[in-house]
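Novice: The feature ATP binding site is assigned by TrEMBL to K52. If you look up TrEMBL, you'll see 20-280 marked as domain 'Protein kinase'.
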Amino acid sequence: MPASKSTKLNLTGSVIDGRYRLIRILGSGSFGVVYRAIDLRAPIEARDRAIKFVSKAGRKDSSIATLRKEMTLHKRVSHLPNVITLHDAYEVADYFVFVMDYCSGGDLGNYLAECGQFTDTEEVKKVILTLLDTVAALHEEGIYHRDLKPHNILISRDRTQVFLADFGLASDISEYEFACGTMAYMPPGMLRKPNAGKADMWALGLILLNMVSGGIPWRRASRISDTFAEFVDDPNYLLQCIPLSTGANRIIRRMLRANPLIRANIADVRAMILELDSFWRSYDEAA
């Protein structure tokens with residue numbers, strides 16, 4: 001079948017498994033390619049798919065095992081409302097194949113890069129509350145994402161819906177066996193193998209900060225970074241850099257406590273966000 005051929009070949013227009021027509025390439029990298037596709041057997045209004053082909057070539061046995069685990073864990077949580085639906089996942093001789101729903105708005109990372117920060121409090125609330133609820137549902141299933149970041153959050157074109165994607169580093173073990181994730185979104189103390197649930201909360205705090213400010217002030221959560229050291233030492237550091245409201249600053253700092261034992265839990269953060277009037281400083285606060 002075409003899925004066993006090199007990703008260097010353009011498979012646009014091909015039909016795989018007798019049902020998925022590949023429309024165009026959405027993205028590609030050294031180990032694979034993602035196509036926009038349609039499911040010829042699905043109803044017209046629900047046939048859009050994204051199909052990821054991941055090459056086995058050059059991968060160690062441990063990497064192959066990780067991909068198999070990704071398939072297993074994503075299948076376990078695919079039924080959750082705001083996890084991107086995994087319709088099918090299988091492997092052939094040279095590839096792993098993941099068939100997922102297609103999200104027309106791309107990912108949150110690209111949106112922030114192109115458009116900058118969000119500017120509407122209710123819109124931010126809807127996105128972050130959905131993410132909190134979805135991560136809570138994952139944790140209830142005994143699964144920890146461990147690579148939460150804007151590029152792993154898919155959005156609808158009108159930004160009314162968001163979906164978690166990419167379970168490549170997900171685990172059903174609550175303690176880290178080894179440090180992993182995307183450096184900018186990893187909590188401090190990763191070498192001490194922190195709790196994966198608390199690490200997910202840390203990443204959610206940085207996603208929220210990114211949404212309301214258009215970026216995060218450090219590349220790594222380490223005292224080697226002057227900005228991170230200042231953030232830890234000065235409760236008002238973010239207020240001096242970003243026009244946040246005091247309430248938003250309080251929430252973000254609770255989510256980004258360096259000590260995971262006193263980092264806020266999802267229920268508390270959810271309650272604080274519901275009570276918040278604005279993520280940004282009012283005229284009276286600025287005066």
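Each Cβ is built from the backbone N, Cα and C atoms, and glycine gets one as well.
On a predicted model such as this, the values are computed, not experimentally measured, just so you know.
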Novice: For K52 (ATP binding site), what is the tally of other C-beta atoms lying within 10 angstroms of its C-beta?
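Specialist: K52 (ATP binding site) is surrounded by 19 other Cβ atoms within 10 Å.
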Novice: What average pLDDT does the predicted model assign to the domain 'Protein kinase' (20-280)?
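Specialist: Result for the domain 'Protein kinase' (20-280): average pLDDT 94.
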Novice: What three-state secondary structure does DSSP assign to the residue listed as 'ATP binding site'?
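Specialist: Going by the DSSP assignment, the residue listed as 'ATP binding site' falls within a strand, counted as strand.
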